[in-house]
């Protein structure tokens with residue numbers, strides 16, 4: 001499987017290199033859908049320039065990236081394009097290896113459940129076979145590399161690519177079963193943008209499952225392992241934050257990075273939901289609503305953990321999607337990351353109800369974003385409501401996509417254990433409804 | 001006789017004037033404004049005060065809506081040198097730069113209401129530098145895209161200046177296409193002329209700047225300015241060096257000069273005679289009594305005073321250093337402790353993951 005992956009990687013690198021040389025690079029680097037105040041390349045360059053002038057890069061509310069990014073780009077600023085291409089390639093390769101391993105796990109688990117007779121007799125067509133799962137890792141890498149969202153994000157040199165890469169390595173480490181590496185990468189991802197904190201739960205569930213520790217609240221081994229993993233994670237996070245202190249000898253990166261992410265002071269329009277609300281909100285409500293909106297991101301973790309405790313990787317996918325929809329400064333690079341996972345659940349296709357409408361909604365909204373931006377900002381014949389409407393539609397489309405996949409997944413699980421042809425008590429045919 | 005002969009080798013001027021004219025307007029003629037402003041800067045640096053400079057510009061570059069860096073006019077690419085600044089005094093701006101106003105300035109036939117800053121108040125001991133740039137052709141120079149001045153008119157204006165004793169020596173520099181045609185018709189004495197290209201040749205521009213979007217300077221003026229950067233008020237460089245300034249390899253056009261009307265040998269003409277405002281100072285040890293009997297004063301002047309060497313300025317200021325000053329930017333480097341800590345952590349993670357047995361491959 002290495003050769004097709006190499007071909008895909010070469011094609012992706014060629015596309016990105018060609019686009020770097022074209023005029024698209026300058027155009028896309030300015031688009032608000034692709035870059036946000038957190039990860040714009042212009043701001044990284046500005047921060048490094050401020051540093052060269054002897055001023056802290058965090059003064060002036062321009063630069064909101066972490067000190068490790070300063071360190072990385074201080075030495076690699078001339079090779080920035082190469083760095084971003086390599087990052088994308090690393091993300092794709094990490095996802096490829098992760099999904100390869102995950103497929104093996106799925107297959108093993110499936111075999112176990114078949115042998116234990118946990119499946120109903122007539123579900124043969126729902127069982128995943130190695131034949132159809134063979135190309136899934138390649139498709140995942142392809143989906144990530146050739147997704148126009150990730151191409152644009154790479155050409156705009158948005159540091160979202162680095163965040164995606166760290167999350168991909170975290171997923172790889174988790175699926176391979178190394179708690180230490182997974183904690184380290186999760187700490188790095190949390191350090192860069194706060195929201196991957198919620199990925200702690202699915203990673204923990206997966207590692208517990210791998211160690212065959214049952215998830216019961218009374219069980220001592222469960223708590224022991226949880227404590228170990230949590231302490232690894234927190235210790236790495238603390239070490240990384242302390243190390244960043246030593247880069248600039250000041251703590252002012254904490255309000256600039258985390259304070260900025262949490263308090264959302266910059267209301268530049270983006271594809272998220274925060275900007276419009278806070279642009280029109282009264283001052284004395286803004287604290288309350290900021291808290292509400294931020295809790296919204298973290299809120300789905302516990303219920304999803306309860307529902308999806310046997311399927312932690314799907315939980316991880318849903319969680320990543322929720323982060324990229326509800327985070328304070330989303331960009332299309334975040335969307336590209338969870339879309340890369342869609343081939344893994346391609347066996348759910350027959351249960352998806354709205355996939356045609358949703359894909360149309362997402363594609364049309366992606367095209368309408370620049371149009372309505374132009375109408376609002378340049379032509380002056382629209383206003384922010386138009387752009388917000390498209391943002392809203394895009395996010396509703398994403399949410400419906402995720403909930404559709406969630407529904408399909410649960411439906412398949414139900415069919416697996418209860419059989420494809422459901423009958424009621426009196427023998428008539430029954431329909432499965434998600435309540 | 002010795003003194004008379006010496007007189008021929010030294011300039012007899014007592015004050016310096018400069019008339020700097022940019023005859024173009026519109027954004028794409030940025031380079032002409034930058035040319036003129038750069039010469040203005042050099043001339044000011046070498047000592048001619050604003051009161052002795054008549055600067056005629058269209059002045060529509062700095063505040064042009066197409067200027068990505070408002071309130072600036074750059075003369076080097078990468079925006080190294082802002083020649084506009086906040087102390088530039090433009091005497092004739094925008095639509096006042098016309099052929100009529102230029103000729104009135106030169107000849108002095110100005111309405112009495114004209115303010116002092118717009119007059120060329122030169123006398124017969126003035127050395128005048130006249131610099132013109134813009135778009136020109138064979139025998140004419142275009143003013144602001146609507147009219148032109150011919151070389152005959154210019155020669156006649158200089159003759160009027162000579163007859164009215166409005167100059168001691170004149171240096172005429174022109175940086176346009178076919179510039180040499182403009183000085184072909186001069187017939188007044190004590191005029192030296194330089195042009196950036198011969199008849200039939202075009203003067204080319206030097207550097208486009210991708211940030212601003214236009215060409216920033218013309219080649220001839222660029223190399224003249226590079227030459228002038230080395231000049232400081234005490235320098236002894238002469239006109240022959242200025243004639244060599246832009247060879248065809250650098251300028252693509254062939255610069256020309258005309259010295260037949262000039263009475264001194266260009267070898268003996270200092271650059272600072274025209275570009276700077278260098279006063280001749282003679283130090284005397286005698287006291288001079290200023291009383292009523294001044295009529296016979298000149299005859300008391302001892303003759304041998306005039307034969308002394310003109311005194312040079314002492315190197316009071318490190319002029320060469322000040323001219324070329326630009327603060328050296330110190331680059332930031334991450335502290336060593338940070339780098340050490342980070343890589344130590346990375347190596348620890350690596351060995352923790354892949355086992356301690358790989359350590360022996362390192363050592």
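Any Cβ shown, glycine's included, is placed from N, Cα and C.
Per TrEMBL, the features are:
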type     : residues  : note
SIGNAL   : A:1-17    : signal peptide
TRANSMEM : A:68-99   : transmembrane segment
TRANSMEM : A:166-187 : transmembrane segment
TRANSMEM : A:193-209 : transmembrane segment
TRANSMEM : A:230-251 : transmembrane segment
TRANSMEM : A:257-278 : transmembrane segment
TRANSMEM : A:285-306 : transmembrane segment
TRANSMEM : A:351-373 : transmembrane segment
TRANSMEM : A:385-407 : transmembrane segment
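Listed as Cβ neighbours of the transmembrane segment (A:166-187) (distance under 8 Å, sequence separation of 6 or more from its ends, same chain) are residues 90-92, 94-95, 97-98, 101-102, 105, 196, 199-200, 203, 206-207, 210, 228-229, 232-234, 236-237, 240, 313, 316, 320, 337. Same-chain residues lying 6+ beyond the ends of the transmembrane segment (A:351-373) with a Cβ under 8 Å from its Cβ atoms: 31-33, 148-149, 269, 271, 332, 382, 386-387, 389-390, 393-394, 396-398, 400-401, 404-405, 407-408, 411-412. Comparison of A:193-209, A:230-251, A:285-306 by number of C-beta pairs under 8 angstroms to the transmembrane segment (A:68-99) places A:230-251 first. Here the transmembrane segment (A:230-251) has long-range neighbours at 56-57, 66-68, 70-71, 179-180, 183-184, 186-188, 190-191, 200, 204, meaning same-chain residues at least 6 beyond its ends whose C-beta is under 8 angstroms from one of its own.
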